[in-house]
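Listed in Swiss-Prot for this protein:
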type	residues	note
BINDING	H54, H58, C128	Fe cation binding site
Amino acid sequence: MPLLDSFKVDHTRMKAPAVRIAKTMTTPKGDNITVFDLRFCIPNKEILSPKGIHTLEHLFAGFMRDHLNGTEVEIIDISPMGCRTGFYMSLIGTPNEQQVADAWLASMRDVLLVKDQAQIPELNAFQCGTYTEHSLAEAQQIAHNVLERGVSVNKNEDLLLDEQLLSL
């Protein structure tokens, strides 16, 4: 089985919260696709709560589009990582890390402005697979933590995994 790009970086050296360009590609028609690693937590030291990350997923996707989409950028998808330390964001375009960090911080401020659970989008049995597993308070705590700590940049060249460690 081929080794995925996300497992070629040393998770023990990742900063968080931090933005990383995880992958870039060009489609046959010439569109640039960029995948960002939006790391909320330091891997193996912190983790996002299930209800918090789920609520954040519902809020973050819309808020990031509000702050980042434009004539040169269109978000395709924002999805939580299985390890619950962050999100992957795939988009058309090539915004830089600072543009993404600024949109992320603005989105976290928006999360703090949500007044109650009734304002969480798609919070119903028809649009959400586990609509009872949400916590606005936990999502807002995550947002507060990001704003308090700020968002830095993780560079792939600083995180390259030593090939000797790949066989462990």
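Every residue, even glycine, has its Cβ placed from backbone N, Cα and C.
Summary: among the binding-site residues (H54, H58), the fewest other C-beta atoms within 10 A of the C-beta are counted at H58. Taking the Cβ of C128 (Fe cation binding site) as reference, residues of its chain lying under 8 Å away and at least six apart in sequence are, in sequence order, H58, E122. Summary of the Fe cation site environment: with the site residues H54, H58, C128 set aside, the chain residues having Cβ atoms within 8 Å of the Cβ mean position are T55, E57, I120, E122, L123, T130, Y131, E133, H134.
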